[in-house]
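Annotated features, as they stand in TrEMBL:
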{"type": "COMPBIAS", "residues": "1-23", "note": "compositional bias 'Basic and acidic residues'"}
{"type": "REGION", "residues": "1-39", "note": "region 'Disordered'"}
{"type": "TRANSMEM", "residues": "90-115", "note": "transmembrane segment"}
{"type": "TRANSMEM", "residues": "127-148", "note": "transmembrane segment"}
{"type": "TRANSMEM", "residues": "168-189", "note": "transmembrane segment"}
{"type": "TRANSMEM", "residues": "210-230", "note": "transmembrane segment"}
{"type": "TRANSMEM", "residues": "352-375", "note": "transmembrane segment"}
{"type": "TRANSMEM", "residues": "395-417", "note": "transmembrane segment"}
{"type": "TRANSMEM", "residues": "423-440", "note": "transmembrane segment"}
{"type": "TRANSMEM", "residues": "447-466", "note": "transmembrane segment"}
{"type": "TRANSMEM", "residues": "472-493", "note": "transmembrane segment"}
{"type": "TRANSMEM", "residues": "513-536", "note": "transmembrane segment"}
{"type": "TRANSMEM", "residues": "542-563", "note": "transmembrane segment"}
Amino acid sequence: MASRPELEDQKSTGSTEKHKDDQLSENSETEEKAFSMAPAHSTVALVETGVEGEDDPWDLPELQDGAAAWSDLDTKGKVLRVVTSTGKGLLLLGFLYMFICSLDILSSAFQLVGGKAAGDIFTEGSVLSNPLAGLVIGVLVTLLVQSSSTSSSIVVSMVSSGLLQVQMAVPVIMGTNIGTSVTNTLVAMTQAGDRNKFRRAFAGATVHDFFNWLSVLVLLPLEVASGYMYELTKLLVDSFNIQSGEKAPELLHVITDPLTKAIIELDQSVISGIASGDPDTRNKSLILKWCKTFTNVTLRNETVPGPENCTSPALCWCSPDLCYTLHNISETYNIQTCNHIFVNVDLSDLTIGLILLALSLLVLCSCLILIVKLLNSMLKGQVAVVIKKILNTDFPFPFGWVTGYIAMLVGAGMTFIVQSSSVFTAAINPLIGIGVISIERAYPLSLGANIGTTTTAILAAMAAPGNTLANALQIALIHFVFNVSGIILWYPIPFTRIPIRLAKALGNITADYRWFAGVYIISCFFLLPLFVFGLSMAGWKVLVGVGVPIVALLIIIIIVNVLQARLPSCLPTVLRSWDFLPLWAHSLEPWDRVVAVVAAKCCCCCKGCQTGQEEEEEEEEDEKKKGGGRFLEMYDNPAMMNGVDWEKKREDKEDVLKATQL
């Protein structure tokens with residue numbers, strides 16, 4: 001049967017539609033080509049162009065066309081841009097200076113609040129003989145004083161005074177490495193306002209945490225079993241005839257001390273004295289009152305009970321009734337008081353510490369927010385292109401592996417300059433959040449910061465007095481060997497860089513459930529250390545009886561999760577997903593609803609007295625709109641809008657609204 005002939009109109013319509021489709025496809029291809037072309041201008045802005053549901057949320061923000069090119073600006077525009085850029089640069093330096101000073105004041109505030117408690121924790125020498133207890137004490141003390149340098153100096157003073165052996169100090173040093181990373185994690189919380197920025201910032205902070213925790217999980221049992229860190233550092237100290245040198249250089253403190261010392265100065269010897277068991281320091285204030293003192297040493301005759309109490313046989317004279325000997329008597333004279341604002345304030349250390357804690361947190365958060373905003377506005381054009389290429393581009397093959405180690409050197413050098421790993425990692429966190437530095441590059445920078453802070457400790461130890469030089473240097477070298485061993489474990493081979501994957505997984509969770517970031521900080525830095533400390537204090541039987549089943553359960557869960565993602569066919573049908581468990585046991589969604597309800601109730605409690613008034617005002621506004629709506633609706637018709645005296649109608653509207661209100 002012959003096919004039905006097409007009409008001429010149908011042919012023309014079909015050909016027209018086909019022509020339109022071809023034209024649309026050509027236009028779409030042209031638009032795609034135009035969209036994929038590189039921007040023609042010389043300046044581009046760093047903005048986020050990702051959309052919801054994109055495959056990889058960890059891709060750095062794309063560079064798009066932003067400000068006008070320099071060649072397109074007139075003289076006035078060029079001068080204005082130079083002045084604006086210079087002003088922004090000076091503001092950035094000012095905010096960065098205040099940010100670093102606020103971190104220093106924050107550390108002093110924590111020492112005032114919990115410094116004596118930290119010293120009391122160290123007085124329990126029998127507790128420190130337990131490696132797990134020593135690890136937890138190192139974490140908690142560093143959290144209290146917010147300074148790994150202060151914790152290390154306490155350990156050095158205890159070892160030098162004979163209250164603590166160097167082998168027992170190794171877990172404490174590992175704990176200080178964990179405790180010092182909480183500052184960076186707290187700084188990342190200030191970027192919770194933007195989901196993608198918070199994802200990157202929190203992952204960039206916690207990659208440092210995961211490195212420290214994983215290193216401790218492997219190296220602490222290895223050290224307890226073999227003692228390789230102690231033996232290696234003892235060999236190094238004994239091999240070199242190191243003499244006590246000059247004080248370690250203070251590079252950044254030369255700039256920050258004028259401001260911080262004008263606010264508060266602390267007597268660091270008080271915490272060390274409490275830890276060493278000195279009863280005179282227990283009731284002494286941490287706030288330094290006398291900045292300039294003079295110590296006079298005189299040789300005096302003293303009466304002693306017998307010859308065994310003499311300083312030496314050559315300096316001992318005995319009669320039938322008494323014995324005399326010569327003693328060096330030290331007397332300290334106060335010459336000049338300090339100039340900080342709390343020197344003569346009649347407040348307790350706790351009160352002053354809480355005041356400084358609140359103020360320093362306020363300044364720190366404000367400076368960080370302003371730094372992020374300035375960086376967003378400044379990182380434009382070729383500046384952003386150059387920075388991103390320098391920081392995130394690897395060397396050509398076959399030297400790509402060198403890039404990470406150069407980043408470590410940069411991190412170590414910058415940490416040596418600022419003399420604090422917390423300051424360096426907290427300063428680069430905003431750059432990670434806005435997408436200038438990738439997580440893969442932030443990881444070696446953080447590892448370098450760990451190395452940099454140990455080199456500073458080594459220099460400080462070499463300036464110690466002769467009687468404490470060996471112990472101080474060995475403890476600093478233990479810290480160095482621990483970080484180098486961690487780098488060997490978790491960096492050289494790409495598949496061993498587990499901290500990056502864990503940090504990204506945690507970043508994805510906290511981006512969806514931002515309250516989980518607070519749960520993570522409280523759990524990992526407070527609840528977990530206290531739980532382990534309690535078990536270790538109860539004895540090895542309790543620790544093994546409770547800890548081993550928990551660890552075994554966690555290992556099984558991790559293995560099942562890996563198999564579910566990689567080889568689900570190896571698992572029974574039931575274990576191929578966690579759906580057989582209640583929803584709250586394998587999903588954060590029910591907990592998120594609970595948090596939302598609790599937050600809503602808290603907000604309602606805060607606004608309880610205002611809610612009724614707001615509802616009444618809304619009802620009154622609705623009645624006003626209904627009363628005058630009919631009169632206003634007639635003028636919405638376009639046919640009635642010509643020739644209208646709008647001034648008169650506006651007055652009529654106002655009269656109607658007044659009458660409605662009455």
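All residue numbers here begin at 1 and follow the chain in the order shown.
Backbone N, Cα and C atoms are what each Cβ position is placed from, and that goes for glycine too.
Comparing 127-148, 210-230, 352-375, 472-493, 513-536 for CB pairs under 8 angstroms to the transmembrane segment (90-115), the maximum falls on 352-375.
Count of Cβ pairs under 8 Å against the transmembrane segment (472-493): among 127-148, 210-230, 352-375, 542-563, the largest is for 210-230. Only pairs six or more apart in sequence are counted, and the transmembrane segment (210-230) with the transmembrane segment (542-563) gives fewer than three Cβ pairs under 8 Å, not enough to call it a contact.
At the 8 Å Cβ cutoff, the transmembrane segment (513-536) and the transmembrane segment (127-148) share at least 3 close pairs (sequence separation 6 or more) and count as touching. Against the transmembrane segment (352-375), stretch 423-440 shows more Cβ pairs under 8 Å than any other of 127-148, 168-189, 395-417, 423-440, 542-563. Recorded stretches compared: 127-148, 168-189, 395-417, 542-563; the one with the most Cβ pairs under 8 Å to the transmembrane segment (423-440) is 168-189.
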